[in-house]
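Q: TrEMBL lists these features:
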| type | residues | note |
| --- | --- | --- |
| REPEAT | 1-41 | repeat 'WD' |
| REPEAT | 42-84 | repeat 'WD' |
| REGION | 103-147 | region 'Disordered' |
| COMPBIAS | 103-116 | compositional bias 'Basic and acidic residues' |
| COMPBIAS | 120-135 | compositional bias 'Polar residues' |
Amino acid sequence: MAHTGPVYGIKCSLFCDLFLTCSADESIALWDHKSTEPLLRLKKDKEPIQGLAWAPYDSCVFASVSRDSTIKVWDLSQSTMNPLVSKTIVPTNNRREHELLREHRSHGKQDPESRPDSPLLQTGQTPQPRSSPQRAITGASIGAGDENCPIPPELTCVTFAPDSPVVLVGGSDGVVRVYRITNVSVPMGLTAEDQAARLDKAVGMVKKKPN
């Protein structure tokens with residue numbers, strides 16, 4: 001048994017019979033459907049992990065989101081211990097900052113908080129109206145929330161764009177954030193068998209590591 005708390009997500013690989021699970025016990029597990037024990041456990045979070053997604057362009061890449069407002073992107077071909085990218089969402093509840101962001105976006109400019117040298121760049125976000133009053137102080141939406149008490153939103157779901165290193169992240173504040181990953185290469189011209197072999201090689205490296 002890999003998890004000691006509720007399981008919040010199960011995602012099957014697009015290329016082979018492996019799948020990922022995430023849990024309230026703050027861990028991610030990689031499984032083979034033929035085994036009752038996980039091939040790999042990843043525990044780099046301090047809060048429940050509430051969503052995950054495989055990258056459709058690379059069999060070894062996946063993303064996870066947690067309750068502490070953190071998104072992580074993993075590449076098992078690079079490391080089975082640490083994420084490739086980790087970013088904590090910082091809310092922007094100051095009205096003047098929102099006005100500046102609106103102005104930048106209306107002119108097609110990059111958000112001021114997204115630096116070109118950052119591996120995970122925010123390329124846009126869509127504020128949505130909120131009907132639940134208890135969520136008011138968690139909002140990063142324009143014109144909502146307590147401006148004197150900005151609280152980071154819980155991240156609840158994540159998915160990848162179909163053919164590029166872009167992730168979309170949903171939060172408890174009703175906002176969908178879009179990020180572009182800049183420090184990963186997209187494998188080109190690989191068949192499904194090639195992709196499966198890449199993941200199998202990464203998992204094989206885990207199996208060969210001494211205890």
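Residue numbering: from 1, along the chain as shown.
Cβ from N, Cα, C; glycine included.
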Q: Looking only at the repeat 'WD' (42-84), how are its residues distributed among DSSP helix, strand and coil?
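A: Per-class counts: 0 helix, 19 strand, 24 coil.
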Q: Which sequence-distant residues neighbour the repeat 'WD' (42-84)? Criterion: at least 6 residues beyond either end, Cβ under 8 Å.
A: 5, 8-9, 11-16, 20, 22-30, 90, 119-120, 152-160, 162-165, 167, 169-171, 179, 181, 183-184, 186-187, 195-196, 198-199, 201-203, 205-206
Q: Work out, from DSSP, the number of helix, strand and coil residues along the repeat 'WD' (1-41).
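A: The counts are 0 helix, 19 strand, 22 coil.
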Q: Averaged across the repeat 'WD' (42-84), what pLDDT does the model get? Just tell me the whole number, please.
A: 91
